[in-house]
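K.L.:
According to Swiss-Prot, the protein carries these features:
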- 30-37, 147-150, VAL176, 184-187: ATP binding site (BINDING)
- HIS37: active site, proton donor (ACT_SITE)
- GLN61, GLN153: (R)-pantoate binding site (BINDING)
- GLN61: beta-alanine binding site (BINDING)
Amino acid sequence: MQIISDPHAMQAISENVRLQGKRLAVVMTMGALHEGHISLVTLARKSADTVIMTLFVNPTQFSAGEDLERYPRPFEQDVAHAEAAGVDYLFAPTSAEMYPAGHQTSVQCGALAERFEGAHRSGHFNGVATVVTKLLHITKPHTAIFGEKDAQQLAIIRQLVADLLIDVEIIGAPIVREADGLAKSSRNIYLSSNERKRATVLYGGLCHAKARLAEGEQNLKLIATEVEALITATEGCTIDYVAFVDEATFLPIEQADASKRYRLLLAVRLGSVRLIDNMVMGTKDSYKPC
């Protein structure tokens with residue numbers, strides 16, 4: 001595995017790989033790698049000959065008061081994990097290399113980015129869209145793999161590449177969970193041992209919703225209210241949002257329809273830690289118990 005920090009050097013490598021007729025896939029991360037990230041690499045390998053992982057804690061996607069300074073950065077550990085996973089190139093630029101002096105241009109997202117996460121994290125998705133656009137131009141992949149845990153981000157990136165005519169296939173990867181259902185996340189390390197136990201209430205809420213749909217309940221507002229009650233009954237939990245949304249538009253929906261794909265989104269604060277999760281609810285298969 002080669003480690004590259006210079007964007008122009010990475011561009012040259014990617015161009016050379018393409019000239020050899022090989023397929024390229026990219027997995028974008030902020031480091032603090034876990035099994036969820038490794039699953040993205042595994043999926044990337046299925047669609048490509050060469051896999052690039054990007055490792056960059058992007059400052060422009062952190063809102064004021066968020067955890068930019070304390071975000072975990074175990075670089076040597078991440079290098080070992082990436083190499084063990086079979087990554088060919090690890091692109092790990094500095095902030096100065098990605099946003100040099102005089103940098104002025106950014107990507108502004110539309111209505112899709114104004115709801116849910118966008119409403120609670122000012123400027124977040126504009127920062128995501130800007131860095132993803134830059135990384136796609138640097139790595140020149142045929143496919144890019146993103147986790148479904150950040151479902152709204154995935155939808156925005158799909159919109160981004162469609163709107164800007166970026167020639168790349170965006171592939172969504174299933175959420176990887178702990179044995180007790182908690183979605184894998186680099187921020188889980190912030191949880192105390194007691195908070196970690198209580199954090200399973202998010203998965204419990206998702207499973208409750210699936211069970212209610214399986215019973216035949218069609219009123220999604222009612223189910224969302226039940227999930228909210230379940231979560232707020234857990235010590236230390238406050239809710240940013242619980243919402244059923246159309247998977248493509250992220251507009252709220254109120255009535256179940258097994259012919260469509262929709263998701264239940266959760267954003268919950270547990271102590272000082274903010275957790276997000278989601279689950280597909282809009283297919284007959286998704287009604288199966290957790």
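Yeah, the Cβs are placed from backbone N, Cα and C, and that goes for glycine too.
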K.L.:
Among all the protein chains here, how many other CB atoms are within 10 A of the CB of HIS37 (active site, proton donor)?
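P.N.:
Other Cβ atoms within 10 Å of HIS37 (active site, proton donor): 26.
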K.L.:
For GLU148 (ATP binding site), what is the secondary structure by DSSP, using just helix, strand and coil?
P.N.:
helix
K.L.:
Can you check which residues sit near SER186 (ATP binding site), meaning Cβ under 8 Å from its Cβ, same chain, 6 or more apart in sequence, and list them in order?
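P.N.:
Non-local contacts for SER186 (ATP binding site): MET30, GLY31, ALA32, LEU33, HIS34, TYR71, PRO72.
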K.L.:
When you put VAL176 (ATP binding site) at the centre and draw a 10 Å sphere around its Cα, which of the recorded positions HIS37, GLN61, GLN153 have their Cα inside it?
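P.N.:
Within 10 Å Cα-Cα: HIS37.
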K.L.:
Could you give the Cα-Cα distance between GLY36 (ATP binding site) and GLN61 ((R)-pantoate binding site), in whole Å?
P.N.:
20
K.L.:
Between the Cα atoms of GLU148 (ATP binding site) and GLN61 ((R)-pantoate binding site), what distance do you get, rounded to the nearest Å?
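P.N.:
The separation of the Cα atoms works out to 18 Å.
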K.L.:
Quick one: what's DSSP say for VAL176 (ATP binding site), helix, strand or coil?
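P.N.:
SS state of VAL176 (ATP binding site) = coil.
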K.L.:
Note down the number of other Cβ atoms within 10 Å of the Cβ of GLN153 ((R)-pantoate binding site), including every protein chain shown.
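P.N.:
By my count, 22.
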